[in-house]
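Trainee: Quick one: this structure, given as structure tokens, is what I'll be asking you about.
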């Protein structure tokens, strides 16, 4: 179960203590549990939404979004901000884009991007609460985290060394493909027709965003993986809310 706890520690702000430094093989296997962490997040968000039924609609959505951000510790939003700055400021140049991603400062485009993504999530949550579509609260985090597994399965990691390289090098690929298939089936089981629509929408967005990464960088980084997760989450929420 250590790979699960590694995944939960990395993807969440929950106080998880690991018994020492994980081995590279354990880091690679932790990717297999990313969709499981997504389901856990979704169940927690669904439970909170259920508890908030009867609260004013806008407050309900705001509290739900706040919990969503706090659960992940803002980790993937940080990746989205860095990627947005780098994509605009990199002017199509690979090395300049990678260098900007490592800069801890956030420029105006990062702030605007974060604002737009959070606004879209908030308004989609308002619509989904009105529709009483609780399944979307499980589907979005599940698909978002499964997309990171899919990205590492299909895309070269371009920064040598570090956590991302260990994840990429030691990911059990055949089992990873099986986990992705099971994740898709879980989405259909959870959401029915809506679950299938969410998977199709996410797949289309994934293909487009991955191609952008490959064209610019020749692969992915931790920041672009986080950006992918955030953008697929918002795509699923907005798609199901429409």
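Every residue, even glycine, has its Cβ placed from backbone N, Cα and C.
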Trainee: For the record in Swiss-Prot, which of the ranges 31-51, 73-93 is the transmembrane segment one?
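Mentor: Of 31-51, 73-93, Swiss-Prot gives transmembrane segment for 31-51.
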Trainee: Could you check which of 4-24, 109-129 is flagged in Swiss-Prot as transmembrane segment?
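Mentor: Of 4-24, 109-129, Swiss-Prot gives transmembrane segment for 109-129.
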Trainee: Is the number of Cβ-Cβ pairs under 8 Å between the transmembrane segment (31-51) and the transmembrane segment (188-208) three or more, considering only pairs separated by 6 or more positions?
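Mentor: No, since the transmembrane segment (31-51) and the transmembrane segment (188-208) share fewer than 3 Cβ pairs closer than 8 Å, they do not count as touching.
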